[in-house]
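J.: To start, I am sharing the structure in question, which I have written as structure tokens.
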Amino acid sequence: MSFKGFTKAITRAPQSFRQKFKMGEETVDPVYEDAERRFKELEDETKKLSEESKRYSSAVNGMLTHQIGFAKSMEEIFKPISGKMSDPNATIPEDNPEGIEASEQYRAIVADLQETLKPDLALVEDKIIKPCQELLKIITYIRKMATKRNHKKLDLDRRLNTYNKYEKKKEPTAKDEEKMYKAEAEMAVAQQEYDYYNEMLKTQLPILFGLEAQFVQPLFVSFYYMQLNIFYSLYNKFQDMKIPYFDLNSDIIEAFMAKRGNIEEQTDALTITHFKIGYSKAKLEMTRKRYGAAGAGANESDSSGYGSPAMGGAPVYGGAAAGYPGQEQQQQQAYGTAPGQVGYGGMQSPPATGYQQPMSPGAPTGMGIGQPQGYGAPAAAAAAPPAYNNAGMPPTAGSMTAGGETVTALYEYQAQAAGDLSFPAGAVIEIVERTPDVNEWWTGRYNGQQGVFPGNYVQLNKN
């Protein structure tokens with residue numbers, strides 16, 4: 001906007017506010033207002049036709065491009081390769097020859113169809129989109145003329161209100177008379193300018209509306225036949241597709257179920273398909289809390305006494321264990337060689353490294369107790385639950401039946417296998433059977449369900 005235009009905009013601003021709040025007199029022309037409404041509809045519809053034509057052309061071309069990419073992806077899925085890629089002799093192709101061949105044939109058909117439809121899509125560009133753009137340019141020029149007419153209307157109303165203000169004074173002074181004559185002259189000039197633009201638009205807009213039908217109708221008919229041609233090309237190409245891998249005469253759902261078979265049941269049988277992130281998050285959070293608690297005080301052991309000098313473990317300094325992964329101290333032995341570190345059963349335990357690993361099923365009593373494993377974590381870190389035995393239940397060695405004991409869940413636990421007991425944090429669980437070690441599996445009852453859960457997820461309640 002030029003400085004002159006900015007100045008005029010500032011001058012017209014008060015009159016714009018007056019008209020917005022219906023203050024003062026306003027020039028009204030119903031004939032022009034009706035033509036303005038029809039012109040606005042023509043402008044909107046032409047923009048919509050141009051945008052939708054572009055969208056249709058892009059959608060058809062994009063669909064074919066995506067189908068080619070889809071076929072390439074299916075080829076890669078059908079031919080996975082196992083073995084070491086660094087050793088060409090170790091690679092074992094595990095492919096589906098029929099599926100790969102079908103994907104290649106389908107990709108070739110879609111690529112050929114994309115080339116076939118290029119002239120039709122180019123025709124949409126030349127006969128629909130470009131004419132719409134030309135019409136929009138004409139509409140833009142007319143819109144500028146209509147904006148000019150509205151500005152002249154604001155100037156006329158402003159001059160008219162100024163003239164009426166002086167004319168309606170009961171006792172005008174000589175200065176008022178002078179201002180009134182000046183306002184009358186300015187009003188006459190503004191009236192002439194307004195009439196010029198207003199009459200021109202009222203006369204020529206109806207002619208444009210008459211030409212609109214002759215311009216838009218051929219576009220609509222042409223676009224209709226272009227879409228029919230594209231549709232029939234797609235239909236005939238895929239109808240004539242002769243790929244044995246696809247049975248076009250069978251029902252889509254029935255063919256899908258037949259090809260899939262029982263693959264869903266086989267997939268559900270894999271443990272990794274039922275991994276729940278909540279359990280890992282809870283363990284991570286518990287480890288962080290206990291690590292922070294242990295790191296706060298030096299020479300402190302966990303609540304069970306493992307890892308302390310009195311119970312056969314190595315001293316912990318500053319919350320860190322004496323051994324680190326990769327060092328000789330990490331090599332745990334059933335019978336210790338360091339004097340003064342006597343564990344359970346008269347056996348010696350290795351230096352503690354922080355993370356307590358519970359005794360696995362079938363291990364001799366005393367082996368594994370006081371043998372921490374981890375990554376330099378504090379001795380007070382939580383232990384992972386023990387593995388299940390062949391019967392699907394945790395080891396029961398040393399277990400004891402609780403009489404009316406209850407515990408409160410410190411963390412939420414989601415069942416990871418059949419027989420596990422799920423519960424939220426804060427739940428009160430009735431103990432059915434437990435061991436003295438909190439780093440083992442306990443049996444409890446909650447919400448009418450009975451199952452096992454890690455003992456380090458709960459805290460015993462005082463009776």
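Each residue, glycine too, has its Cβ placed from N, Cα and C.
Feature list, courtesy of TrEMBL:
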| type | residues | note |
| --- | --- | --- |
| COILED | 32-59 | coiled coil |
| COMPBIAS | 323-341 | compositional bias 'Low complexity' |
| REGION | 323-371 | region 'Disordered' |
| COMPBIAS | 350-359 | compositional bias 'Polar residues' |
| DOMAIN | 402-463 | domain 'SH3' |
J.: Please report, as numbers and ranges, the same-chain residues at least 6 past the borders of the coiled coil (32-59) whose CB is under 8 Å from any CB of it.
T.: 121, 124-125, 128-129, 132-133, 135-136, 139, 142-143, 146, 149, 198, 201-202, 205-206, 208-209, 212, 216, 219, 223, 227
J.: Report the mean pLDDT of the predicted model across the domain 'SH3' (402-463), rounded to a whole number.
T.: 90
J.: How many helix, strand and coil residues does the domain 'SH3' (402-463) contain under DSSP?
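T.: Counts, helix then strand then coil: 3 helix, 29 strand, 30 coil.
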